[in-house]
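Quick notes on the structure that follows.
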Amino acid sequence: MDVLPMCSIFQELQIVHETGYFSALPSLEEYWQQTCLELERYLQSEPCYVSASEIKFDSQEDLWTKFILAREKKEESELKISSSPPEDSLISSSFNYNLETNSLNSDVSSESSDSSEELSPTTKFTSDPIGEVLVNSGNLSSSVISTPPSSPEVNRESSQLWGCGPGDLPSPGKVRSGTSGKSGDKGNGDASPDGRRRVHRCHFNGCRKVYTKSSHLKAHQRTHTGEKPYRCSWEGCEWRFARSDELTRHFRKHTGAKPFKCSHCDRCFSRSDHLALHMKRHL
């Protein structure tokens, strides 16, 4: 297989040398390469987002029992806090505050994971007993509760939040200004494979594709509609494409640009997959 792209490059050079230009008509080999790339792209598996409605619990009675036990434990802890010495009460109250701050960080991180969506007007400051029971029971899948990857800047901000006292709880505006646009706070849930929530779902019948960006979803939906809005501007060329990167790759056939250079030799290529095939010769 790695001989075919090399033959195609030599043929292109020979045509340009003899005629002075390169024909826009694709060859059978180019059709074959394009088909292989499309098959590799559309047949690869992607992680699917599991909605909360698809999660099945053991029984409603067990869930209700866990909720009652969580409430009783919370009331007992509050009684212990009220009857304990000042030092113990300070430690336990700071522990409860850390739990509440942790739930707050998870809520804020889930809101700021997608920069294209607006933030909700309210923020949840108190820990939810039902949410704690569901998380501790282990019935939720890791794809439902997902948080963005951590960054050094946000870790410093989260340490500042954890360092303040129970009475110095920051306002919603301060929390949003410090965390909006940064995907970094760690929540209680497990992180998804790419670190962000997949919120853009394809609504065509039988399609279960989910994307993190709306632009990627629009490009995917063109495979269902057959729309090709990107047209080649080269004179005499009528080719159209559904994605802008495909148009850019096609336009290099007219200009002869080869931006992909081999790091082991002086060979240059117009496509990254051709360079990858060539790099196998140096292994």
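Yeah, the Cβs are placed from backbone N, Cα and C, and that goes for glycine too.
Range annotated as zinc finger by Swiss-Prot, chosen from 55-79, 230-254: 230-254. Residue counts for the zinc finger (230-254) under DSSP (helix as H, G, I; strand as E, B; rest coil) come to 11 helix, 4 strand, 10 coil.
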